[in-house]
Amino acid sequence: MENLASLLKSHKLSQADYEHIVQILGREPNLVELGVFSAMWSEHCSYKSSKKYLRGFPTEAAWVIQGPGENAGVIDIGEGYAAVFKMESHNHPSFIEPYQGAATGVGGIMRDVFTMGARPVASLNAIRFGDIRRQDEIGKKHRYLLKGVVAGIGGYGNCMGVPTVGGEMSFEDCYNGNILVNAFTLGIAKSDEIFYGRAEGIGNPVIYVGSKTGRDGLGGAVMSSDSFDDAANQLRPTVQVGDPFAEKLLLEACLELFKTNYIVGIQDMGAAGLTSSSFEMAGRSGSGMIMHLDRVPMREQGMTPYELMLSESQERMLICAKKGYEEKVLEIFRKWELDAEVIGEVTSSGKMELFWHGEKCAEIPVLPVSEEAPMLDRPTKEPAYLAEIRSKGAQAPKEIDLKEAFMKLWSAPETMDKSWVYSQYDSMVQTNTIVGPGGGDGSLVRVKENGAALAMSADCNPRYCYLNPREGAKLAVAESGRNVAVRGARPLAITDCLNFGSPENPEVMWQFAEACEGIKEACKVLLTPVVSGNVSLYNQTNGVDIFPTPSIATVGLLPKAQKALLGAFKKEGNLLLLVGETKSEFGGSLYQKEVEGFLGGDAPVIDLHRELALWRFLEEANEAGFLESAKDVNVGGLAIALGKMSVLGQKGCKVKTALKGVDLFSESPSRAVLEVSSEHLAALESLAQKGGVALGVIGSVGGENLEIDSLSLPLQTLQEIYLRGFAKIVENL
């Protein structure tokens, strides 16, 4: 190969990597082989910088059917059914081309779920942008990016007939050069009918199904394993182009196939396309494979083996069928007007042998590529910025104008209702949505098959994680689980999407290592194992890294859907109770951001055992019928939580606390507001005492104002800002 140095640079391979490849092959690689190694050894596919930290996560429990290592995680939800779910990032593509980047992110995560045999029933997203309130070019750009991402998520999800039932948004300057788009999908399957990405049985046919292969997405996995600079727009050809109608056909064809006994395994073609799907299937099974690339359905002329192996064209799957059933498999996909071709077979060689019009164009041992990518032990160093920002302190002044402070927080984009966003999503399709977007806290979806409901929520406060990555990650796990618990459900498991800056920066690797320790500790205590996930590194532009953003999505089970607990006031005269203890904790808070205009101090400190006690208390109280509504206290503190419950329930409240002024906006964790009928108060207090949970009456529901201590605001005024304010910011009105 000519000009080896430039070739290695374009493939993001080092000289040491190249020498390792030569050692594996026993010769110099050709271009196809180099491309395969480049993709599979990329950060995006191999997790070479992060795997050592991920190994510490708790992944097992009695209810876990499948943990990390497959296309998605699987948990038992009773009566012979399972929930299949995962969250993944599509950050780099969405910054380059927001509509297609976000759309194909949704399509990719849905394929990960239905390739396991599950019908997708709900989606969430966690999306983060720069400051959309700015009146400069940065603000203008991020309003454009926001519009494109939201349109892409809605455009794909709506066509698939899968409801988008919730999500999370945040806005920080650290995302000015790198937005984050994290997509989550959950599906339902029979627990004894889960399909895996395997290719076993010598002589079994390998079948390509779905859309034709084009040149879109070429080099996508490698692109997602590097930082950006001002030339990022030139990477637009590496962004995949989605066709949701083709994916809808693929979904239905796959679900029809799963009712047969024709196949051994199936794998989505995601990052690195045909390369990753074939090597992963063979690698898991300890087998080899022969593939004839000239048989791959192509939509462009003159495509080469290199392009066919590395294209990331969407809506494609690779199937290992049972020998003799080839025609039956092909018949199903052709009925759904999809391409389907036998392109190879399983072998016992342990090698991937690729042919092009009868001539061998590549021969690579499977395991060194799929399972044995060189792992990196990158240096870590505590960031220099920590000493400075922690020294700023986070103690807010006690003498404040409560009304002025409340209105600043109430008018923040993080607080306001996002109907401008979720009105573009179909949240009710499939008619199973009990609590959708706009309902506050966790979303809730009915499982008609067993009468239960599944609660889900995606959460992370990147400001906490910047101040203290370990505590911030713990708080993300706890917040996500608490949003599920206030629906009356028991949190069972999590999927994560770990978004960080460049791993080549020792300070970023320190943040990553600390966050992983926090997740590990929280999941162990809270009994929510990690069953799937994703790592997105190199979220850096022109040397500026994003805040550590370990997005956590928790799934919980409510055995009886009719016991669903909502987050809006229900009845005038009901009592309001605060569960948990409030301290003066403002590091990384919305109050600190909006009122004081800085970021400093330390993140709130969480007692994980107290958090678990809160979850179990909420579950028991709801099961006993003691609760009318419940709301997590988090961003903006108690005052904002009460404001949201008032607006959502269209009822005011009268609250008196023992808190001093600004502590109404404290973000101490492990707290919730409960609405209860007075007849249940004594029993609830007894239950709280038994569970070791702090509980106190703070007021009642009623009136047309939000009244909290000396603060009194008309509900009508709050509704106007809450319901219409976000749209005004996005449209720059």
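Every residue gets a Cβ built from N, Cα and C, even glycine.
The active site annotation in Swiss-Prot covers His44. Under the heading ATP binding site, Swiss-Prot lists Tyr47, Lys86, Asp496, Gly533. If you look up Swiss-Prot, you'll see Glu88, Asn534 marked as Mg(2+) 1 binding site, on the strength of sequence analysis. Residues annotated as substrate binding site in Swiss-Prot, with sequence analysis given as evidence: Ser89, His90, Asn91, His92, Arg111, Gln240, Glu312, Ser313, Gln314, Ser536. Summarising the annotation, Swiss-Prot assigns active site, proton acceptor to His90. Per Swiss-Prot, the feature Mg(2+) 2 binding site maps to Asp112, Asp268.
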Position of peak Cβ density within 10 Å, selected from the binding-site residues Glu88, Asp268: Asp268
Asp112, Asp496 as binding-site residues, winner by CB count within 10 A: Asp496
Position of peak Cβ density within 10 Å, selected from the recorded positions His44, Lys86, His90, Arg111: His90
Cα within 10 Å of Asp496 (ATP binding site) - qualifying recorded positions among His44, Asp268, Glu312: none
Whole-number Å value of the largest CA-CA distance among Ser89, His90, Asn91, His92, Arg111, Gln240, Glu312, Ser313, Gln314, Ser536, listed as substrate-binding: 20
Binding-site residues listed as Glu312, Gln314, Gly533, Asn534, least Cβ neighbours within 10 Å: Asn534
Spatially closest candidate among Lys86, Asn91, Arg111, Asp268, Gln314, the listed binding-site residues, to Asn534 (Mg(2+) 1 binding site) (Cα to Cα): Lys86
Maximal Cα-Cα distance (Å) across residues annotated as binding ATP, namely Tyr47, Lys86, Asp496, Gly533: 17
Neighbour count (Cβ, 10 Å) for Tyr47 (ATP binding site): 19
Additional residues around ATP, ordered along the sequence, whose Cβ is within 8 Å of the centroid of Tyr47, Lys86, Asp496, Gly533: Leu54, Pro68, Met87, Glu88, Thr495, Cys497, Leu498, Val530, Ser532, Asn534, Val535
Chain-internal residues near Ser89 (substrate binding site), provided their CB is under 8 angstroms and they sit 6+ positions away: Gly105, Leu180, Val181, Asn182, Ala183, Cys497, Asn499, Asn534, Ser536
Separation of alpha carbons, Asp112 (Mg(2+) 2 binding site) and Lys86 (ATP binding site) (Å): 8
Where Glu312 (substrate binding site) sits in the secondary structure, as DSSP reduces it to three classes: coil
Packing count at Asn91 (substrate binding site) (other Cβ atoms within 10 Å of its Cβ): 27
